[in-house]
There are 2 protein chains.
Amino acid sequence: MTTPNEPDVLDTIAPSDSAADEVAVSDRPWEELSRLAEQGDAERLEEFLSELSTTDQALALSRLDEVHRVQVLEGLDAEDAADLIAALPEVQAAEAIASLEPDTAAAIVHELPSDEQADVLGDLNDQQAAAILDVLPVIEADAARQLASYEDDVAGGMMVLEMLRFTPDMTVADVIAELNSNAEIYSDFDVRYAYVCEQDGSLVGVLPMQNLLFVRRGSKLRDLMITEPISVPDTTPLDELIELFDAHHFLGVPVVDHDGRLKGVLHREAVNYEETRAAESDYLKSQGIVGGEELRSMPLWLRARRRLSWLSINILLNIGAAAVIAYFQETLQAVIALAVFLPIISDMSGCSGNQAVAVSMRELSLGLVRPSEVFRVWWKEVSVGLINGAVLGLLVAICAVIFDGNGYLGLVVGVALFANTIVAVSIGGVVPLVLKRFGFDPAVASGPLLTTVTDMCGFFLVLGLATLLLSRLVA
Amino acid sequence: MTTPNEPDVLDTIAPSDSAADEVAVSDRPWEELSRLAEQGDAERLEEFLSELSTTDQALALSRLDEVHRVQVLEGLDAEDAADLIAALPEVQAAEAIASLEPDTAAAIVHELPSDEQADVLGDLNDQQAAAILDVLPVIEADAARQLASYEDDVAGGMMVLEMLRFTPDMTVADVIAELNSNAEIYSDFDVRYAYVCEQDGSLVGVLPMQNLLFVRRGSKLRDLMITEPISVPDTTPLDELIELFDAHHFLGVPVVDHDGRLKGVLHREAVNYEETRAAESDYLKSQGIVGGEELRSMPLWLRARRRLSWLSINILLNIGAAAVIAYFQETLQAVIALAVFLPIISDMSGCSGNQAVAVSMRELSLGLVRPSEVFRVWWKEVSVGLINGAVLGLLVAICAVIFDGNGYLGLVVGVALFANTIVAVSIGGVVPLVLKRFGFDPAVASGPLLTTVTDMCGFFLVLGLATLLLSRLVA
């Protein structure tokens, strides 16, 4: 997937500026793409796509209706179609493959690198995937099935199968001959490292290929290879892989099964990609995008339903906060000015709490806090909460006095916001740790939990204090 | 920074499992680190640190007070201290360097790769940076000044200076001899590609080193190199670099100045790193973490002040929404049940709008929508808003009727939430595009703008409708 060799370096000689000019000329590339797809001229279609940047290829294809999209993919030869599929976001890639006949789909899937094959097949439903696997060559289908059986975020799900693999008794001359005679096959491989395995497949060494420059051609790999190489089990989770690649400068690490047999190679880039995806999907999930991904090219009903599933949980939680207000209706009726300040208390506490959530999420992802360190985080947040609560409480108190002329109203809303800011940052800081510790996804659940508790507590503080001081407030 | 060669592959032969065990044993590594720092035993200090994962090294160092942190960094030899500095998040690394004497600091900075040198020096204040640069060797200081002069997110700010660089008339034998005789220097370099430059520094070719395996030793680089290689100007921004690396499989690309002279090499990994950092910092900024980074190891007053700067803008915006309620106080007093539903309308509209913001941010970052396509996004959001608004409106109307028994109250809050959901998704979808188009950071400003407008509009809808139907509501 990320291997450098001449074809790649050469694949565009045109300076990137000229590509940028092309894009500026065609502001709606999907219209031209539709037209070319209808004409079915494979050559012009390919030429047009090659002028677009990867981003604009994805943009253009995603704007086509299904009929035109199928025409484009069928119109291209399978290799070009595979490049196009690889440019799409994962959900769109699977959707595009699903809309093709199994034969066409299999021809395109055949051209994808092994890890992308697995991602696309994994996103199809079982029936669609089986139809494509039936058409693929048996060995390739077995490999794809095997890769697709892993979760996306473990070593096995991120590795590629394309790798140089030799036995310890081969000589340097054997290796060079093999590379020369199968140059076509190896052109897509990462050729910086070769992996040395015994006949039973067990990994016994790693060989940096550039070292072969400095040795005699009769030397055996057994004597050149680095023995006892670091490898990772195929089930290693993303967290540990990020840490491994942080700690070492490798560009790739061999992946083995529980018997130490070489299964594939995991490239640094694949780990980086999953890490970025996890960060992006955390943001989306925290904003109520269920599943961590939504594109506006998805069907309307799917988008609406997924968003609603989150909203309907929130409306239930909101009723809890509303109930607090309902309980204090008489106080509110007596001092209607309180109603003006309730949304301020709710919103400001939410903002303070969300800041604390964000910092906890950040520190968790950097490993700078452990999920068990609840007390430490709570204390750090209370310190900030005392300062910020005092400032915000004072501000809102001044507003209340200006608005209403009654110092007691200022006292009530000021004290309530002060206290509730401390509550909000405490909960916001601690909740992600607790959720993580008990195996829940902090990105999804922290926000609604925070909002519910701070709203209920904030309304209770304002209206409870007001009830205590009612005689002063109505006077 | 990410170059693979034997020292790296070999730098831990111990399987990763055993490292994990160590960590479990020492649950508070910073306590042991403090103790060892006080004893000042460099060897035991180094041994202890080498047993920790990179994450735990960063965790342990970040928990020390300044005195102990200085003791640790002074206790280690410069190379080990540099490894430790490289493990820290960027802001912490700069802080740790700043607390050292210039001589010690310069010795550590000297051991960092050129891009990390530049990052650290760029994060120091001018005086601190100048003190360190004065002590560094002149050539290195000049290079570091030059790198630090670039913004972090352009090609020049992400490139490294460590690269193989030859002239076109050198032979393969010359290259091999050079690599062998300066093996020490090149051990930290990326040796997969060599760059071929004329005497005046202008880049004329790229040479994949593994190709040297297949050619005669007397061949000149001029005849082996790939001519007219792709390069990027040093001022190329991150967006374009992400697109370039998406479109091509290179692991690195040469960086040139405006005269085509080779300045450095930009590795794919550096682009990936900045991309991840941008995604994480977007999330933090959207939650009100000014500057996109906060760690709880930062000084309390800094943390409180930065959070407050965001909160105080929000409280001002909140007053706008509160003013709408104040304007309709009489209606509210007459129908106090409305006060129960105001926070629900505000919160649910905020949730719906934030979902739309998140999807727009996602599509913008994937390049699937252009900032000019306001109408398209608006239409896509209105479609979702009609469905979700209807469902949420109906739900809240049912709640109101159950709570109050008055059908008109249900009508008022239901219609208001229906209409305000459409407003919220429209604004949430469109605002990031408009902000981006006019050069503002959508991650920072979208949330507060959205909340303010949807709150004001939501309160106006509920209370305005209630005023129109006042006779029905009080009856």
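The backbone N, Cα and C atoms fix where each Cβ goes, glycine too.
Here TrEMBL flags B:1-23 as region 'Disordered'.
TrEMBL lists B:159-224 (among others) with the feature domain 'CBS'.
The domain 'CBS' annotation in TrEMBL covers B:225-281 (among others). Mean pLDDT for the domain 'CBS' (B:225-281) in the predicted structure: 88.
Per TrEMBL, transmembrane segment is recorded for B:308-328 (among others).
A Cβ distance under 8 Å defines the sequence-distant neighbours of the transmembrane segment (B:334-361), meaning residues of its chain 6+ beyond its ends; these are 282, 286, 321, 325, 369, 377, 381, 384-385, 388-389, 392, 396, 400, 403-404, 406, 409, 412-413, 416-417, 420-421, 423-433, 442-443, 446-447, 450-451, 454-455, 457-459, 461-463, 466, 470, 473-474. Here TrEMBL flags B:334-361 (among others) as transmembrane segment.
Per TrEMBL, transmembrane segment is recorded for B:382-403 (among others).
Feature annotation from TrEMBL assigns transmembrane segment to B:409-435 (among others).
Annotated transmembrane segment per TrEMBL: B:447-470 (among others), in sequence order.
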Positions whose Cβ lies under 8 angstroms from the transmembrane segment (B:409-435), at least six residues beyond its ends: 335, 337-338, 341, 344-345, 348-350, 352-357, 359-361, 364, 369, 371-374, 377-378, 380-382, 384-386, 388-390, 392-394, 396-398, 400-401, 403, 441-442, 445-446, 449-450, 453-454, 457-458, 461-462, 465-466, 469, 473
Surrounding residues of the transmembrane segment (B:447-470) on its own chain - C-beta under 8 Å, 6+ positions past either end: 286-288, 313-314, 317-318, 320-321, 324-325, 327-328, 331-332, 334-335, 338, 341-342, 345-346, 349-350, 353-354, 357, 408, 411-413, 415-417, 419-420, 423-424, 427-428, 431
Non-local residues, at least 6 beyond the ends, that sit with Cβ under 8 Å of the transmembrane segment (B:308-328): 288-290, 342, 346, 448, 451-452, 455-456, 459-460, 463-464, 466-467
Helix, strand and coil counts within the domain 'CBS' (B:225-281) (DSSP): 24 helix, 17 strand, 16 coil
Helix, strand and coil counts within the domain 'CBS' (B:159-224) (DSSP): 24 helix, 18 strand, 24 coil
